[in-house]
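J.: So Swiss-Prot lists these for the protein:
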- Cys50-Cys103: disulfide bond (DISULFID)
- Cys51-Cys66: disulfide bond (DISULFID)
- Cys54-Cys99: disulfide bond (DISULFID)
- Cys56-Cys64: disulfide bond (DISULFID)
- Cys73-Cys80: disulfide bond (DISULFID)
- Cys77-Cys92: disulfide bond (DISULFID)
- Cys82-Cys90: disulfide bond (DISULFID)
- 1-28: signal peptide (SIGNAL)
Amino acid sequence: MELMNKKVMMKLALMVFLLSFAANVVNARFDSTSFITQVLSNGDDVKSACCDTCLCTKSDPPTCRCVDVGETCHSACDSCICALSYPPQCQCFDTHKFCYKACHNSEVEEVIKN
């Protein structure tokens, strides 16, 4: 009889554990304030943003995108996508009506047709 009570208690404990785990469901959304994004953050300084290779359409107004690939995106990038590699290869997918100033002395700006 005591063995039967232990089985019932174990089942009850397992059920309570699973219910408590299910009640605290993990939120699978991307949280931009998570620890890892704070560690890898480029900052929010738009004034220091730069881009060596900016592609723009010939539309009026133009739609421009920085296509630099590096270990991080420029500081004003909102949509930075990084490959899972070492070192990381990151590219910004934001579009603007302008290009940021060049990061280096040789400014390269290419214009593509819309």
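Each Cβ is built from the backbone N, Cα and C atoms, and glycine gets one as well.
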J.: Of the disulfide-bonded residues Cys51, Cys77, Cys99, Cys103, which one has its Cα closest to the Cα of Cys64 (disulfide bond)?
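T.: Closest recorded candidate to Cys64 (disulfide bond) by Cα: Cys99.
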J.: If one measures from the C-alpha of Cys66 (disulfide bond) to the C-alpha of Cys54 (disulfide bond), what distance in angstrom results, rounded to a whole number?
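T.: Counting only the Cα atoms, the answer is 4 Å.
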J.: Check the Cα-Cα distances from Cys73 (disulfide bond) to the disulfide-bonded residues Cys50, Cys51, Cys54, Cys82, Cys90 and tell me which is shortest.
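T.: Answer for the nearest of the disulfide-bonded residues: Cys90.
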J.: How many Å separate the Cα atoms of Cys90 (disulfide bond) and Cys80 (disulfide bond)?
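T.: The separation of the Cα atoms works out to 7 Å.
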J.: Would you count the other C-beta atoms found within 10 angstroms of the C-beta of Cys77 (disulfide bond) for me?
T.: 20
J.: Pop the Cα-Cα gap between Cys77 (disulfide bond) and Cys54 (disulfide bond) into the table, whole Å please.
T.: 13
J.: Applying a 10 Å Cβ distance cut-off over all chains shown, what neighbour count does Cys50 (disulfide bond) have?
T.: 18
J.: Across all chains shown, how many C-beta atoms besides its own are within 10 angstroms of the C-beta of Cys92 (disulfide bond)?
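T.: So the number of other Cβ atoms within 10 Å of Cys92 (disulfide bond) is 24.
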